[in-house]
Amino acid sequence: MTELPDNTRWQLWIVAFGFFMQSLDTTIVNTALPSMAKSLGESPLHMHMVVVSYVLTVAVMLPASGWLADKIGVRNIFFAAIVLFTLGSLFCALSGTLNQLVLARVLQGVGGAMMVPVGRLTVMKIVPRAQYMAAMTFVTLPGQIGPLLGPALGGVLVEYASWHWIFLINIPVGIVGAIATFMLMPNYTIETRRFDLPGFLLLAIGMAVLTLALDGSKSMGISPWTLAGLAAGGAAAILLYLLHAKKNSGALFSLRLFRTPTFSLGLLGSFAGRIGSGMLPFMTPVFLQIGLGFSPFHAGLMMIPMVLGSMGMKRIVVQIVNRFGYRRVLVATTLGLALVSLLFMSVALLGWYYLLPLVLLLQGMVNSARFSSMNTLTLKDLPDTLASSGNSLLSMIMQLSMSIGVTIAGMLLGMFGQQHIGIDSSATHHVFMYTWLCMAVIIALPAIIFARVPNDTQQNMVISRRKRSL
């Protein structure tokens, strides 16, 4: 990194800053949800829409971000992403109702969707290929620190200021980032093929409508017949996209991707797997505060061991997969995550709070091994010509499945609980216990998919510490 020109190093710092903002925002909000509910006069059972609106918007917008950067320029799009994210943060802080907050989170999600993929594209264009791995390690490190700081920082701001400050802190940082981007980042553009707008709209409508249909009766009071119509419309949009992609060589995502068996299995497993695991970062701080009566700051601190376990496991997961193979690792970690989630609930309800950090550390380790294995299984056998498209589709599916997971978690809470549930009461404990039992089943089900993964015939390359630091 020291051999790079000064202006290139500054550009990498700007990208790293964008990664940090986006990753921090994905975790800082969860700790504040109970306080937001109280301030807005809403039931905590409805607050999952604050998370879903952001993550679903990211999923919808991801396919367009790379094309926009190539067409309009990486500087212009990265600048627009930071501005939209910052404006969304301002509107979030000014929101006086849940509906206003959800709309502001959608605007934030549009900016967040463009930040990370455009940042990766920027690094590819400004750094020589020989230094690409070192540069990506540098810019993604803040993205790993964001989830570590997010829960605790969110807890501090909520407890000692107000929930509005989890959004207000983005404003001065966003202004500085936007100015630095405009002044220092080059505006690379390349010739692009025509954007598949019909395919993009079909996928966007399908994803949004199906997610809305999952929880519309609880959160929005939509009638069952209307929900059935929404579900049918969403499914029809997805089917129309498949027909469109079959006939169109320039489709957003080519159906040739699914000729690779490991990609099909991995994508299906990733979708199902992240529905279950996507519930945990949302449900855990909510349960700690509403179910156990923890303060926001205490609940935020309890999330740190989970992030530390996740970061630590990334260093050894390749060796584990090489030793035991994808099928065994994925089946074991899927079932293991379900068991650890039940262990967490058991330890919490028994009052053994001193064991909770250890259980959450274990949960983070198991979840990280599962995530890394799912990602590499999905992409490892794709031909070079389809690798970029496959990676984009996987990124979209990851965000979509997490939004569905949070939606289902909120739906389960609403099904087992009343309109308002009390803090640290016996009835509340039962609501969360039944919810966690259902979550454990949902988390375990993808093991059926992963049991079909073929035996491995190829070892994964392990990057030494020396190469990591180059």
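Glycine residues also receive a Cβ, built from the backbone N, Cα and C atoms like all the rest.
According to the topological domains annotated in Swiss-Prot, Met47 and Phe258 fall on opposite sides of the membrane. Counting C-beta pairs under 8 angstroms (sequence separation of 6 or more), the transmembrane segment (138-158) reaches the transmembrane segment (286-306) with 3 or more such pairs.
Contact check: the transmembrane segment (286-306) against the transmembrane segment (77-97) gives fewer than three Cβ pairs closer than 8 Å, residues 6 or more apart, which falls short of the contact criterion. Touching of the transmembrane segment (12-32) and the transmembrane segment (342-362) is ruled out by the presence of fewer than three CB pairs under 8 A, sequence neighbours closer than 6 excluded. Tertiary neighbourhood of the transmembrane segment (342-362): same-chain residues 284, 287-288, 291-292, 302-303, 305-306, 308-309, 429, 432-433, 436-437, 440, selected by CB-CB distance under 8 Å and a gap of 6+ residues from either end. Looking only at the topological domain 'Periplasmic' (417-430), the predicted model's pLDDT averages out at 68. Listed by sequence, the residues of this chain that lie at least six past the ends of the topological domain 'Cytoplasmic' (363-395) yet keep a Cβ under 8 A from its Cβ atoms are 62-63, 66, 117, 253-254, 256-257, 260-263, 265-267, 269-270, 273, 277, 280, 305-314, 317-318, 320-321, 326, 329-330, 333-334, 336-337, 340-341, 344, 453, 458, 460. Between the transmembrane segment (263-283) and the listed ranges 77-97, 197-217, 396-416, the one holding the most Cβ pairs under 8 Å is 396-416.
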